[in-house]
Every structure is written in C-alpha cells, then in structure tokens.
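Chemist: So Swiss-Prot has the following annotated:
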- 1-12: topological domain 'Cytoplasmic' (TOPO_DOM)
- 13-33: transmembrane segment (TRANSMEM)
- 154-174: transmembrane segment (TRANSMEM)
- 175-454: topological domain 'Cytoplasmic' (TOPO_DOM)
- 176-230: domain 'HAMP' (DOMAIN)
- 238-450: domain 'Histidine kinase' (DOMAIN)
- HIS241: phosphohistidine (MOD_RES)
Amino acid sequence: MKLKTKIHLYTSISLLILLILVHTAVYLIFSSALTSKDAARLADETDNIAEALRAAETEGVALQDMLQAYLPANGMVRVVNGDQKAVMTITKEKAYKDFPLSFHSGETADVRKPDGKLFAEAAVPVIWTDGQVVSLQLVERLENTEESLFLLKIILIAASAAVCIASFFAGSLLARRIINPIRRLMITMKDIQRDKEFKTISLEGQSNDELYQMGLTFNEMAMMLKEHYDKQQQFVQDASHELKTPLTIIESYSSLMKRWGAKKPEVLEESIEAIHSEAVHMKKLTNQLLALAKSHQGLEVDLKTIDLIKAARAVMQTLQSVYQRDILLETDKESLLVKADEERIKQLLTILLDNAIKYSEKPIEMSAGTRNGRPFLSVRDEGIGIPEEHIPHLFERFYRADEARNRKTGGTGLGLSIAKQIADEHGIELSVKSKPGQGTAVTMQFSEQNGGGR
C-alpha cells in the first residue's frame, strides 16, 4: 500500500470513528434529555389526576367521566389493583389495552419502547372507591419525541457524510502535500543513481516545516557528498600524477642502466642515484598519503595537557641534528600548557619547520607565548616567500606555488594539507603571512580556553 493511500485511509477512518463517537454521544444525551422531560411532564399530569380523583369522591362526580377528561390525545389512563388486574381502562386506541400491565406501589415515571415505539408511563398510588390502594397509570405515545429524535439522527448522519466527503478531499490534498516533496526527493535520488551526478531539489514556495527541513538536509548532504566526491576524484588524479613522474624517471633510468650500465660506470652510478632518490620521494609521498587518509577517518585525538614549548624544543633539536641547521626559539615563558595530542602536535611542528628549512638558507626563528589570552607558536623563515595569490591555496592537497622549486626540494604538496588537518582536529587556527623575497611566517593560534603558562 502506498504511503499516500495509508495517510488518506488513516485520516478518513480516524475522523469517521471520531464522528461516530461524538454523534452517538450527542444523540444519546439529547434523547435522554427529551425522554426525561416527557416522563416528568407525564408524572405531573398523573399527580393532577390523583388530586382530581380525591376531589371527585367528595363531589360525587363519576370517576370514568373524570378520567376521560384527562385522557391524552394519543394515550391511555388505567387503574391497576394489587392483584395485577385492570380495574378501569380508558383509551381511544384498542392497541393500548395490550400495553404491559403492572402494579406500582409508589410513584414512578419511566419511558418504555415496546415493539420499537416510544411510550412514557407514569404511575401514582391512590385509594379507590372500595378502599383498596390501586395504581393510577397514565401512558402516552411520544410521537413528537420520536420525530425529533429521527430528525436529529438524519441531521447527524448527513453531517457525518458531509464531513467525511470533505475530509476525503482534504485528506487527498494533505496526502499530496506530504507526498510530493518525498516524491521529488525519490526522483532526485534516482536521477543521481542513474546519471552519477549529484543534484539538489527545489525548495521554493515551501513553508519551514519538517518536510522543508528534510529537503534542506538532503541538499546539504548532496552538496557535501559532491564536495567529497570531487575532492576524492581530484585526489586520485593528483596522486596518479605525482606517482607518474617518479615512475617515469625510474623506468627511464632502469632502461638506461639496461642499455649502458654494464659498459659505462658513470651511467650506472647516475641511474642508481636517480632511482634511489625517486624511491625515497615515492616512499615519502606514500607515507604522507597514508597519514592524510588516516586523518580523514575521524580517529580519536588523545587530548592531554602538554607543554607546547617543551614539544617545540624536542622537534627543534631533532631537525637541527638531521639538517645541520640553526633553529632559534624566542619566548618569555618557561612553559606553555595546552590540551593537545602531543604526537600530532609534534608532527604539525615538524611539517612547518621542514618547510621553512627547505625554502630558506638562513636560521629559522620560532616564537611562542600568548596573545589576548590565547597560546600561539610561530615559525618564521627568511626565504624566498610566497606570492599573495597563492596563500589561500597553500593547505590544498598537492598545491605548489612553484612546481619546479618544489620538485627540487623533494616536496610532495601534502605536508601543509596534513598540517591543516591536524590543526582542525585541535581547533587550532593556522595563519600565513608572506612576501616574496622577505620570507614566510606560519602561526599556530590555540583557543582561548586552551592555554596556560608561566
């Protein structure tokens, strides 16, 4: 069963059940009020007849004539003794003589429905002419009440039918209003599956309800998936391009070795050196690709309170011994405490320092401290600098401001992308300031609540 049919069916059935319950309650309450009023009226008339009987005894009026005067237009007056026998019955309709007979020792007023017809019956005890206590009974057919109840029943049925018909069309409109956005969503999803192209659905003219929010969420998800897909495609293309160059070099030098290596030692040595260099470059590239892939897996960051200055000194000493370069650290604090994953922060510092060393022959300067209550660490070199138009793209994968220079330094174009990922994991703001010929400064700015030091 389709969702539209289910909504239509459930709303119609629910409304129908509600109408039946409400209209039944209205009918029963109205019926009870009318019949109670009729029974009370008949009880009053019976009391009046009893008073008239007592007066008739003293005045010598014939009882039958007196009771005939109180006979309802469509009813019966009857006197029943204690032996359940009718002492006197006065009526214009013979059918009333078959009305159920019973003796009532007290006053009663009730409504009966023998043979599906509505009657009101009232009884009051009186003393008859022979001195015995009898039950004076007054019975009346409630035709007006029956007509009123029948009319009410017709009105309620007609009202129920009208409401059900209206609800049928209203339910159809409601179901269509609910289903149409879902149908558009399904069509768009099928189009995406068929065309292999991410699309969004139009939300114009829709109210800000749950269906609108569902469409908005779908559009955001589609755009996010498109962005990730495009990045993945670009990543594969860039990685293929990066691997193609060293593989081409290795293939060329291996062919050269195969042809001339045995005869020319200098060719053999040059080829081995080139192949080794490209193998090292490929290994570095592969390791950075793996590191970047792991960073996107949402691995949990082991946040602990660490001394940023101590971590910087450790990285600085390692790189000084590896590159035999001077790295200076300027700070007015003995320690600078931050909450971070120490190994990831050291990796971030290594990337920044490694980049600075590659593009500058002069000593590298680091500075650490707090600005406006926020811990920071800056890495500055006096190298060739970066043109302003390249700065916004520095953290993109495989981006190079100078392809030839980057190849010469052995860069892969992934280091700063990994650095940005680590910074994002820690809520660190990375900023770059650079001018061609004047050097570059990269600053790590921690959040305000993340720092403390002395």
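Cβ coordinates are placed from backbone N, Cα and C, and glycine is handled just like the others.
Model, not experiment: these values are computed from the prediction.
Map the listed features onto the structure and describe their local environment.
Modeler: Sequence-remote contacts of a segment are chain residues at least 6 beyond its ends whose Cβ falls under 8 Å from one of its Cβ atoms, and for the topological domain 'Cytoplasmic' (1-12) they are 164, 167-168, 171-172, 174-176, 178-179, 182.
Sequence-remote contacts of a segment are chain residues at least 6 beyond its ends whose Cβ falls under 8 Å from one of its Cβ atoms, and for the transmembrane segment (13-33) they are 149, 152-153, 156-157, 159-160, 163-164, 167.
Under 8 Å from some Cβ of the transmembrane segment (154-174) lie the Cβ atoms of residues 7-8, 11-12, 15-16, 19-20, 23, 26-27, all in the same chain and six or more residues away from its ends.
Regional average pLDDT for the domain 'Histidine kinase' (238-450) in the model is 82.
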